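The block underneath contains the structure these notes are about, expressed in structure tokens.
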Amino acid sequence: MAWLRLQPLTSAFLHFGLVTFVLFLNCLRAEAGDSGDVPSAGQNNESCSGSSDCKEGVILPIWYPENPSLGDKIARVIVYFVALIYMFLGVSIIADRFMASIEVITSQEREVTIKKPNGETSTTTIRVWNETVSNLTLMALGSSAPEILLSLIEVCGHGFIAGDLGPSTIVGSAAFNMFIIIGICVYVIPDGETRKIKHLRVFFVTAAWSIFAYIWLYMILAVFSPGVVQVWEGLLTLFFFPVCVLLAWVADKRLLFYKYMHKKYRTDKHRGIIIETEGDHPKGIEMDGKMMNSHFLDGNFTPLEGKEVDESRREMIRILKDLKQKHPEKDLDQLVEMANYYALSHQQKSRAFYRIQATRMMTGAGNILKKHAAEQAKKTSSMSEVHTDEPEDFASKVFFDPCSYQCLENCGAVLLTVVRKGGDISKTMYVDYKTEDGSANAGADYEFTEGTVVLKPGETQKEFSVGIIDDDIFEEDEHFFVRLSNVRVEEEQLAEGMLPAILNSLPLPRAVLASPCVATVTILDDDHAGIFTFECDTIHVSESIGVMEVKVLRTSGARGTVIVPFRTVEGTAKGGGEDFEDAYGELEFKNDETVKTIHIKVIDDKAYEKNKNYVIEMMGPRMVDMSVQKALLLSPEVTDRKLTVEEEEAKRIAEMGKPVLGEHPKLEVIIEESYEFKSTVDKLIKKTNLALVVGTHSWRDQFMEAITVSAGGDEDEDESGEERLPSCFDYVMHFLTVFWKVLFACVPPTEYCHGWACFVVSILIIGMLTAIIGDLASHFGCTIGLKDSVTAVVFVAFGTSVPDTFASKAAALQDVYADASIGNVTGSNAVNVFLGIGLAWSVAAIYWAMQGQEFHVSAGTLAFSVTLFTIFAFVCLSVLLYRRRPHLGGELGGPRGCKLATTWLFVSLWLLYILFATLEAYCYIKGF
């Protein structure tokens, strides 16, 4: 991702701007102090000015001497600033491991046994963690661990005395998340596109708790017991965390009062997600796929199964055709794997994934999607499953599985599978089938077929074939249908001595047709004059090779005779016998001929030549034995007269069947001093090395990953999942971060203890780094005369939130919905208060209560920041809610003017928050 490459520079420039801003305020404060003006009555100079006397940190000692000269002070500021950025980078990398362990933990499944009403039992797997619960607990902890641990470490490390750094970082981080991250996500969506929150009820619950958390923080600071945090206040703050999680879970599961509300969702039990079922949007504000004040007036709607099957079929054909066009040499299994990679790269992902992806691509660790391509290809192959209620206990359901089939025109025949499910499988069952025309016609495109499938006792599925007719005419893809009918069960003869009454009381085995009972077969046409291409775009040869052979491939059809001109073009390697012999001419491909070879002599002059290159290029191919009708349709003279509709269609199809150049019309030949046949092995190794999974299996894998440079780049740059070379930026960032990557490779792999070992060790390391960051930030602030509250709000909050910013931006661009990009912002803000401040203050309040004293917390600056943030958060959430109206379409994106206005508003709110919080800290405006 190109924007990720600017992350360190962007972070540095923004930090520099913030430093300049705060130093400007310091100059104003110093000028006011020199003139004898008192900024605010009733407040002493010590509380209104930043102290230049640094205090001992939790880990870092004081840098002596304490009163350095101006030059030494500038040097110290630079050292502290660079160290802060480097420590933030280290926290991002260990947070990558931490989030990977959370992904492993939250994706765990367990087996459950389900007992059906008829007494049968079946075993299935379900996710242990609910998505909403994991987002508000482990996911929030993973993204906010530095802020939470900083608050706890600051209190415990300074003798259980309240500090400004931890709480101010939490409030400042909340402001940055709410205003800057959401503002960026609004802006980066392409003009005219929108993203909306899907689970709006959960978002409302977390947003309400987010605002309540900061209102509650103000109440315990300035209302209940001003300046003192009592034990019950700290414990109640901490107790609000599980209450928030519980209510969000209730909203997600639609329990309590939610179950009485109108449901317009279909729940996918297998994936645990909610899918909207209605697309009509009347005027108003949309909420969870339902318009407010709207009602379901009638029951006439298109069945979901039909829509999904049709859309899935079209999407599958489009992906396979595109991939086959780009990679005609690939076999079907490779195309399926590439298609699965494409689907994986475009599906909705968790916030943890984007956080890990952003960090790894920023640090030269590569694209983790390329690791999952093979595994996802297997997992996604069994996604078509019909969920219908059992008609009766003793009825067998008969249907196609799958219901969509694709085949090439020259395949000969296509196999279709009929499945029976449930009922008594000890009986023989019969079901008739018959082909029906679609855009494909029986006798011309396929063989008309009808017959009866016999499922013998114990058989649950049976295959039958339909012949496909191959012709020499290039035509568009066509489809036909196969319909099941007249399902029946072979009944046994009446047993001797059995009374009719007894026979009638027995539940006779019966069978019914279930959906889908109609299969769609799509014929992918392969009649084409051919696509002509080299095997690759670059080849390395040794100068001692003598005569090199270059293959020209003819793929995706081999109809007719085609001539392909070619020539060599000089680069740094010169022709005419200096480095190679010039070559030019024409290749003539006969009918059904698929490969031709170009021979070029390479001159061996015994010189050390590295990266000398030249190019072999093909020109436009032309048909030789074109039919008269096709030649007339494609001739220039035909444009002088108006064609009939039939001639226009025939001309269009003829144009599509013309020979064309493929993916590699040019071949760059690089002449080196030596050449070894290892390109295939290298590609295989690179593919293996690119398999960067979120989880790790061994320490060896982690250390290999830590010292390996892999290419970043956008997922859309290479839909096949194949490797490109690392850029200069990838190498630079790798060498800058290799210390952290090797150090954190010592963390236990995520496979150990189901991720919990990695979880515990990672959070301990994050805590240690956070303690160092707190000391660096405090020493940085005191060196330039900043208060801890200002340093926390401006610098620490910014540094801890930068990785989340880039992760949210990636999620906003790549996800269909806005949940992964901004849906978790409000939840994280609430968790920061309940865990970060609640835990730290509970520990401190209990400690001082055991000493018979009270835990004192200064309410001034923190209470003012909390109040200011709460007001601005109301404005932000109101704007987001208004943006769900139909003329805007969603929280993110929209028309360019609306995007700019929203982004500028949110950024302005953050700048105003920073300005007012800083002015209040230095007593330029009166706080509480």
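Count begins at 1; order follows the chain as displayed.
Glycine is treated like the rest: Cβ placed from N, Cα and C.
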(message) So one of N45, N130 should carry the feature N-linked glycosylation site according to Swiss-Prot; which one?
(response) N45
(message) Among N300, N824, can you tell me which residue Swiss-Prot lists with the annotation N-linked glycosylation site?
(response) N824
(message) For the topological domain 'Extracellular' (801-829), how many residues does DSSP put in helix, in strand and in coil?
(response) 24 helix, 0 strand, 5 coil
(message) At a Cβ cut-off of 8 Å, and with pairs 6 or more apart in sequence only, do we get at least 3 pairs between the transmembrane segment (862-882) and the transmembrane segment (231-251), yes or no?
(response) no
(message) Before we move on, state whether the transmembrane segment (830-850) and the transmembrane segment (202-222) share at least 3 Cβ pairs under 8 Å, counting only pairs 6 or more apart in sequence.
(response) yes
(request) Could you tell me how many residues in the topological domain 'Cytoplasmic' (851-861) are helical, how many are strand and how many are coil under DSSP? (result) 2 helix, 2 strand, 7 coil
(message) Quiz question: given the binding-site residues D470, E543, which has the greatest number of C-beta atoms lying within 10 angstroms of its own C-beta?
(response) E543
(message) Within the same chain, where does the topological domain 'Cytoplasmic' (851-861) have neighbours whose Cβ lies under 8 angstroms from its own Cβ atoms, ignoring anything closer than 6 residues to its ends? I mean 6 or more beyond.
(response) 47, 160, 162, 164, 168, 221-222, 226-230, 234, 787, 789, 841, 844-845, 917, 920-921, 927-928
(request) Just give the helix, strand and coil counts over the topological domain 'Extracellular' (883-904), going by DSSP. (result) 9 helix, 2 strand, 11 coil
(request) Quick one: of the recorded positions D445, E478, N824, which has its CA closest to the CA of D471 (Ca(2+) 3 binding site)? (result) D445
(request) Examine the transmembrane segment (728-748) against the transmembrane segment (148-168) and state whether at least 3 Cβ pairs sit under 8 A, considering only residue pairs 6 or more apart. (result) no
(request) Report, as numbers and ranges, which residues of the same chain sit near the topological domain 'Extracellular' (749-755): CB under 8 Å and 6 or more residues beyond its ends. (result) 97, 100-105, 108, 694-699, 701-702
(message) Taking contact to mean 3 or more CB pairs closer than 8 A (sequence separation of 6 or more), are the transmembrane segment (905-925) and the transmembrane segment (74-94) in contact?
(response) no
